[in-house]
Every structure is written in C-alpha cells, then in structure tokens.
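Record features, source Swiss-Prot:
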DOMAIN    23-283  domain 'OBG-type G'
BINDING   N32, I33, G34, K35, S36, T37, L231  ATP binding site
BINDING   S36, T56  Mg(2+) binding site
MOTIF     267-274  motif 'Nuclear export signal'
DOMAIN    304-387  domain 'TGS'
Amino acid sequence: MPPKKADDGPKQHPIIGRFGTSLKIGIVGLPNIGKSTFFNVLTKSQAAAENFPFCTINPNESRVPVPDERFEFLCQYHKPASKVPAFLNVVDIAGLVKGASTGQGLGNAFLSNISACDGIFHLMRAFDDDDIIHVEGSVNPVRDIEIIHEELRLKDEEMIIAALDKLEKVAVRGGDKKLKPEYDIMCKVKNWIIDEKNHVRFYHDWNDKEIDVLNKYLFLTSKPMIYLVNLSEKDYIRKKNKWLIKIKEWVDKYDPCALVIPFSGVLELNLQDMSDEEKHKYLQEKVTQSVLSKIVKTGYAALQLEYFFTAGPDEVRAWTIKKGTKAPQAAGKIHTDFEKGFIMAEVMKFDDFKEEGSESSVKAAGKYRQQGRNYTVEDGDIIFFKFNTPQQSKKK
C-alpha cells in the first residue's frame, strides 16, 4: 500500500445541512417579541416593526457584513481600492403561533420560510411591557421556546409520515432493494422525532449514510439554532433577569450544544442613532457593550461557513467557503479557471503575517507554505493561487 500523502489529512465527515455558501439564517419566534426591531438594528434597515401580530408578512432579507479585526487589519495594511468582507444572509420571518403546523396564524407559509433557511436565530422575549401585547397573554420565554420547538417538530413529523408511506410502498411492498437502506434510516428518524419527540440535531451520532438521507429531506429540526434572549435595557446592563437561568437550564438539558446570547433590542436601537463618540461614551458610562458583532459571527459559524482572504493593493476580500473545503474548490470561488487549472495554493496564516509584518518576512521566517490540491483551507488563511490556462501560467 502506498504511503499516505502528508497533506491528505483526516477523513472529512459530511455536515448536516444544505451544501453551498449562499446560506441564510432566519429570525424565528412568536409575534411581538422584537424580531423586526432586532432585524433592523442588525441590518441597519427600516423593516416595519409594529405592536400587532404578523406585522411581518413577507420575510425581509438582508446581507450583514461579518465583523472581523483580521479583515480590518489587512485593509489598513494594503489600503486597497476595493474592500469586500464576508456577509451573513439574514431573514426576518413572520411570528409563529401555537398550531402553525396545522395552519394557525400564517401556518404553512411561515414554516416554508423557515425551510428556505439553513439556520435559526431563535428569538424570545424576556422583558415586561404593558404596551406591547404578548400573543400568549404573558411573558414566559421557556414556554415560548417549547411552542416553537413543538411546531417545528410537528412539521417534520408530517414530512416523515409522508416519506415513509412512499418508501414503504416502493422499498417494502414493491421490493426495491436500492431504497431499503433509506427506508430503514427513515424508520430510525421516525423513532427519534415522532416516538421520542426529539429534534434531529439533539442526536449527535448520525453516521455518514444517515446524514446523506437527512440532507435529502432537510428537516426543520436539523437546522442549527442560536437562542437570543431579548431583555430590557435595564436588565441587560445589570446582567440580571429572572428568566435567564431558566432558559439556560432548558437549553443545557435539551439542546446542550447550542449557545444562549442575551441582548437588548432597545439598547441596540438607541446605540444605532448615536454618533461613534456618543456611543463610546454611553457604553463606558453604563459599563456594557453591544453584542451584535458576536451574534453575527455566531450565526455565520453555525452555518458551517468560514472564509479565506486574498489581499493586495487592488482588493482585500474575504471569500466564503464551507468548512472542510479543499484548496482547488476554494480557488473556484474566485473563478472556475482557478479550480480547473489549479497548480498550488501559496498560504500565509494571518497571525504569521501580522507578527512578521510583510509577505517577504513571512517567507524569510519559513512560514510561507505551498499547498497541494488535498490541502483543507483554514479560516483566515491568506492565499495566492497558482493555476494553468491553455495559453499560460498565471498567478493571483
């Protein structure tokens, strides 16, 4: 057996979710919990935000730049003519109500909007305000989490029953052996979601073949979820709220790999109207900070996305790729010719570039690497691709 190439790396396991880089994360929650306000401050847009259920009917969508100090450093260093950061696609989806899976509220339209997304910002209200009605009559974010979770699970249940009915006709009664493995896997999924009333992502030991089947159906409960707790400005600043511990306990029990991020929509909205100087002074006085950057970065990472940089005086750009992407496919994000004629990737680590101060110094320090087609691109790599065309060899 020939020796394994040094840059082959460990075997890549498939990721649950849609393949690609034009992925979306949806803001999901009950009506009147601050979704549109959060969307507005996140995207600096002016989507309608009113005090009545279903203010958002058709989903609003926007691209949000992913904040990154590495990108800013490269821009300051090169002073390029063009600056292109990575972006997170965010969708503001109409409020869900109990019974949506059976058509209540906006029902199936709402759930189809979630289906079109690849991750979920699960927003919940943990502030009291007599002027803002709550669709359930009282503020109880743990109850609200359970409503959302159950509606998503029920929609998946509907999809599983339909799929199993079809597979049983073909694979079991029809004797199609090719579909029998899919049928067996779907029986396991049924047991997990319908019989045990769990979400797909709560099970962490799906094997490669099972993940392939899950990715065929893209169940709502398979989507990564980040829990965002909307607090009053007062509670956020003092870091105290009676619901925070209860929410954390629920998430730790049922969705232990998920993150819970408290924020204040009112605070973020107020900060948006301030100048940079006023904002800095206000945050210092209140001994607090905005968490919008953290939320955007967390959402981007939850979609299994990362990026590499190309950097020079013409342009500094962050190129979005899926985690685990090999060098030729990363090159193809720039141009298909780069992938077709791939020769090598010349790679610098950002930290090495920052420490050494220039590309030539990185080379002199022996930290400039030439990587082949089996190299897995890492987040923050600074890359120059060499590739062949029918006419000549080029470098970018």
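Heads up, the Cβ atoms here are built off N, Cα and C, so glycines get one too.
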With Cβ-Cβ distance below 8 Å and at least 6 positions apart along the chain, what are the contacts of L231 (ATP binding site)? List them in sequence order.
A126, F127, N241, P262, F263, S264
Using a 10 angstroms cut-off on Cβ to Cβ distances, just flag whichever of S36, T37 is the loneliest among these binding-site residues.
T37
Mean predicted confidence [pLDDT] for the domain 'TGS' (304-387):
97
In Å, how large is the greatest distance between any two Cα atoms among N32, I33, G34, K35, S36, T37, L231, the listed binders of ATP?
15
Please report the three-state DSSP label of S36 (ATP binding site).
helix
Please list the DSSP helix, strand and coil residue counts for the motif 'Nuclear export signal' (267-274).
6 helix, 0 strand, 2 coil
Quick one, of the binding-site residues N32, I33, which Cβ has the fewest other Cβ within 10 Å?
N32
Can you break down the domain 'TGS' (304-387) into helix, strand and coil residue counts using DSSP?
26 helix, 33 strand, 25 coil
What does DSSP call L231 (ATP binding site) in the simple three-state scheme?
coil
10 Å Cβ neighbour count around K35 (ATP binding site)?
29
